[in-house]
Amino acid sequence: MASSEETPRSLAGKVALVTGAGRGIGKGIALELAKRGASLVINYNSAEKPAQEVVDEIAKTGSRAVAIKADITKVPEVSRLFQEALQHFGHLDIVVSNSGTEVFKPEEEVTEEDYDRVFNLNTRAQFFIAQHAYVHLRNGGRIVLMSSVAANMSGIPNHALYAGSKAAVEGFTRSFAVDAGHKKITVNAIAPGGVKTDMYDANAWHYVPNGKPGMPMEEIDKGLAAFCPLGRVAVPQDIGRVVAFLAHPDSEWVNGQVILLTGGSVT
């Protein structure tokens, strides 16, 4: 488990917007940024209560936060999200595009609706979040996009749709890093492996050799931890800490990179 040492408020005065921050990895990212003093915009689409609970949890750290509902698959909603964030806090310094969905489906069964649903959220939405971040961030800002270990992973069946949706984000990252350079904005992506969230609970068995639906979670954790030199699977805090580093001024020379977050796992 990630340690819980007290962290310095190294992001005091910064404002961060995190999409899909009401739960899972997004929540973990938001809390780590808040612990370092950043003010947070907690974006959510449907789960208002969990998002407000994150706002309340952030308040206990001494940082400020607001929850803003927006369906980021719709560009007008993305525009409104940024405008409301700016109206609330006055400026933006950090944008983390976290929202996503995962799918495992035999390729011959993938429908046009499946394709649109996955690419609209995992790919198209991330492009327009990054576009709006580029426009609205102050000079020296930070953009962090969400890829996945799956983007460059072979041997996982029925995963082409998801893997492709994340691979495109890695291309966005390298190109946006060039385009945003004149504003001294860095653009990076993170590519986590399995992280203990509700999405992990539903899908992690696919990554376990000989995994089956309904496998006990203890077996799944043990199976995946066996591939990791650190002997465990990730928790959202692990991902949040890396994003907190990328958000910090000290990370300025890290730009246009896709950072694999697997604890050294080899699968």
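We count from 1, first residue shown onward.
Every residue, even glycine, has its Cβ placed from backbone N, Cα and C.
Sequence-distant neighbours of Asn98 (NADP(+) binding site): residues of the same chain at least 6 apart with a C-beta under 8 Å from its C-beta are Val18, Thr19, Gly20, Ala21, Ile25, Gly26, Ile29, Met146. The NADP(+) binding site feature in Swiss-Prot is assigned to Ile25, Asn45, Asp71, Asn98, Tyr162, Lys166, Val195, Thr197.
Residues annotated as active site, proton donor in Swiss-Prot, with similarity to another entry given as evidence: Ser147 (among others). In sequence order, Lys166, Ala167, Val169, Glu170, Thr173, Ala189, Ile190, Ala191, Val258 are the residues of the chain that are 6 or more apart from Ser147 (active site, proton donor) and have a CB within less than 8 Å of its CB.
What Swiss-Prot lists as active site, proton donor is Ser148 (among others). Under a cutoff of 8 A between CB atoms, and with a sequence separation of 6+ in the same chain, the neighbours of Ser148 (active site, proton donor) are Gly100, Tyr162, Ala163, Lys166, Ala191, Pro192. For the recorded site, Ser148 (active site, proton donor), the DSSP three-state label reads coil.
Sequence annotations record features per position, and here Swiss-Prot assigns active site, proton acceptor to Tyr162 based on sequence analysis. Look at Tyr162 (NADP(+) binding site): DSSP puts it in a helix.
Sequence annotations record features per position, and here Swiss-Prot assigns active site, lowers pKa of active site Tyr to Lys166 based on similarity to another entry.
Around Val195 (NADP(+) binding site), the same-chain residues at least 6 positions away in sequence with a Cβ under 8 Å from its Cβ are Gly24, Ile25, Gly28, Val233, Ala234, Val235, Pro236, Asp238, Ile239.
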